[in-house]
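Reproduced below are the annotations present in TrEMBL:
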DOMAIN    205-412  domain 'BAAT/Acyl-CoA thioester hydrolase C-terminal'
ACT_SITE  S233  active site, charge relay system
ACT_SITE  D327  active site, charge relay system
ACT_SITE  H361  active site, charge relay system
Amino acid sequence: MAPSVRLSPATRSLFDEPLAIAVQGLGPRQQVTLRASLRDETGQLFQASAHYQAGDDGELDLARCPALPGGSFSGLEPMGLLWALQPQKPFWRLIKRDVQSPFLLQLEVFEGHGERPGRLLAQAQHERAFLRDGVRRVPVREGRIRATLFLPPGNGPFPGIIDLYGTGGGLPEYRACLLANYGFAVLALAFYSYEDLPKEMKEFHLEYFEEAVNYMLQHTQVKGPGIGLLGHSKGGDLCVSIASFLKGITATALINGSVANVGAVLRYKDITIPPLGINPKRIKVTKSGIADIIDALNNPLEGPDRQSFIPLEKAECCFLFIVGQDDRNWKSEFFAVEGSKRLQAHGKEKPEIVCYPGAGHYIEPPFFPMCAASMHLLFGKPVMWGGEPKAHCEAQIDAWQQIQAFFRKHLTGKPSGTCSKL
């Protein structure tokens with residue numbers, strides 16, 4: 001019997017779902033190297049490989065067989081070939097640009113454990129998709145809003161969420177559509193560097209976000225009385241500002257967000273919040289030319305920088321802070337703790353804070369490979385994001401469940417402002 005790769009699901013799975021990988025038809029205790037490859041939409045190649053030894057029966061099941069030392073990972077890691085994928089081009093991050101097409105994963109089995117791959121014994125292809133069957137993707141161009149709405153299959157209304165990314169700009173849709181697969185109506189909202197929106201992060205007007213909030217609150221497929229906000233990085237502090245100044249927000253989840261306004265002036269009506277100061281002298285650059293920017297921002301508790309602290313005590317919503325404790329972008333845990341102190345000092349409910357040791361800045365949906373360093377648009381050079389790959393992967397799996405549970409709990413019909421005691 002010739003060796004073959006057995007996958008479950010066989011041909012297609014959602015990107016955030018586990019994939020069972022096994023090889024059958026090998027010789028007893030045969031040594032092989034497994035390699036996973038994936039190209040992003042720009043053609044950049046990501047690869048991971050691991051050394052294995054088949055069982056006495058010639059079977060190799062990654063859920064039962066540990067990877068041996070010498071590859072991209074070792075130990076019992078059923079999904080290691082996916083979370084350990086690394087770009088062949090330095091400082092390149094895996095991003096899904098068109099969620100309507102899947103990523104194509106190639107799996108190959110080679111003879112032996114050599115430096116160079118031995119003879120190819122078996123191979124398989126598998127589609128890692130982003131949209132569950134029946135999820136509707138609706139481009140939104142109403143008023144100034146530039147967004148994409150994802151609606152789950154079936155008859156709504158569904159709990160509604162606005163999803164914001166960070167300083168990368170544009171309109172990333174992949175997190176929003178993966179979340180919509182689980183029964184949420186999710187609006188992926190662009191806020192700069194997209195179509196006719198401002199090209200640069202100079203100043204933001206909350207009136208733009210207010211339009212998006214009202215669009216969701218009035219949508220027939222969105223279940224009221226309030227909606228949720230989900231933001232990562234710069235998107236996190238924008239979510240805090242939206243929740244603090246606008247009506248109709250019931251739950252706000254931040255992934256490595258800030259409670260101070262960062263990077264651009266924020267305006268709403270007659271209110272102006274300046275950005276937190278930055279001291280470039282506190283940036284360290286490694287020998288390989290990667291910037292460590294963790295200490296670059298000023299402290300929002302000191303001096304004039306206190307004006308950049310967002311008045312989140314005005315918010316009428318519940319908060320969830322997802323924190324990577326090895327975030328090198330900024331001090332996410334400090335921001336979460338100070339936000340919690342401020343809420344409680346004003347008699348507000350204590351927020352949920354979930355901390356992940358060994359997780360870096362880019363806590364993405366499950367099985368996105370960790371990005372250790374990539375170009376930072378504001379700094380114009382590669383910066384380190386932090387994280388240890390295995391711990392980071394485990395954090396992404398858990399955080400994804402925490403985020404969904406948080407929104408389910410708070411968006412399924414309880415009136416705004418009545419947080420249950422945690």
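Using N, Cα and C of the backbone, Cβ positions are placed for all residues, glycine too.
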Report, in whole Å, the straight Cα-to-Cα distance of D327 (active site, charge relay system) from S233 (active site, charge relay system).
10
Output, ordered by sequence, the same-chain residues six or more apart from D327 (active site, charge relay system) with a CB under 8 Å from its CB, or 'none'.
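Those within reach of D327 (active site, charge relay system), by Cβ under 8 Å and sequence separation of 6 or more, are N256, I294, E333, A359, G360, H361, W385, G386.
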Across all chains shown, how many C-beta atoms besides its own are within 10 angstroms of the C-beta of S233 (active site, charge relay system)?
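The answer is 27.
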Considering every residue in the domain 'BAAT/Acyl-CoA thioester hydrolase C-terminal' (205-412), what is the mean pLDDT value?
97
Is it possible to get the count of other C-beta atoms within 10 angstroms of the C-beta of H361 (active site, charge relay system)?
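Cβ-Cβ neighbours of H361 (active site, charge relay system) within 10 Å number 26.
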